[in-house]
């Protein structure tokens, strides 16, 4: 018993779900069909004059579009069931538009948010519909919103038009509205959000009478009765319009279609001219940026060469400031450019002193290092040659041969190793010189 009851309940639930999904599908189809009729009516009505709020066709179209955007909206859904043509609970689609259309470049969302006379979400949604139509960007807004599938699923329940393929059909229909000029005043009772949205279906209802139910006898009876003088009613199956009227109506429809296509052609041409001007501006900007890039590259090359020259100059200056290992040798060679013999006192001066027996202590010049002197200093032996012989009565002097063996190191060149002693033997700082006439003065290291 319980099993059968559960099965019955499940069957009823499945049937109710199927009925609900079928009703939702019917709602989608009806709304899209009515929207197609409304757009077609607007295109047929449009002439050179812009369409405003006084147009019944626009009022009906705005109501239909608001119903489509509010179809199965989650935000303010009431607790009880709501019919698909009702607007009591279908509110708040502006919250979805505000988030989903914020990525549209140069959008009107912020300007609508800052309007002082519009406070409710419904009023802002209606204002957005009018502004988007005046901007001729309604299809662009809807397309951008549909791309944000995450936000769309967040605001709409399953089965909504914005989540089905009918949304793509809607964007295709809204493209044709770009050829129409709209002019609206964003003030008044229409935008206060309190007036309910009502769709008028009478312009889209078409009554077509069928004559299939008439039998042959009835047709003959009607034909016979039409010949009588007393009874001459107009038969319902007879054509009410002549061929001329039918041709005129066809011509009128073709003219309207031509005007619509011509208006769309003008809009597309204007759009192409706008895109061409934008392309030219972008090309000019690209050329200007390319020139700036080339100038910057040339300037960078010049600065690089200048910096390389500065680096080389600084390296030369740094090389001149760093002391080399042979600097003491060069300084020593400069000090010893004069012969070393001239640095010693003359022997004649010693002979002319107060007494011959008095010995004097002479200090030799001290050198910081004898090894550099032995390597770099040179004495000209040819210019300081002494004479071959000397007399006992003549004082010792630079002229003549010096018989003193200890003074041989001062003759000749220090650079010639075979002809002189090494200066390494002169490491002592003092030597005694005796000017006694008995013998040659001797130098002995102390």
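Using the three backbone atoms N, Cα and C, a Cβ is placed for every residue, glycine included.
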Exercise for the section: Tell me which range among 211-266, 267-322 Swiss-Prot lists as coiled coil. Expected result: 267-322
Fill in the blank from the handout: Between the ranges 372-404, 405-437, Swiss-Prot assigns region 'Disordered' to 372-404
Handout entry: Local confidence of the region 'Interaction with RAP2A' (1-298) - pLDDT mean
Key = 78
Handout entry: Per-state residue totals over the domain 'RUN' (52-189) - DSSP helix, strand, coil
Key = 77 helix, 3 strand, 58 coil
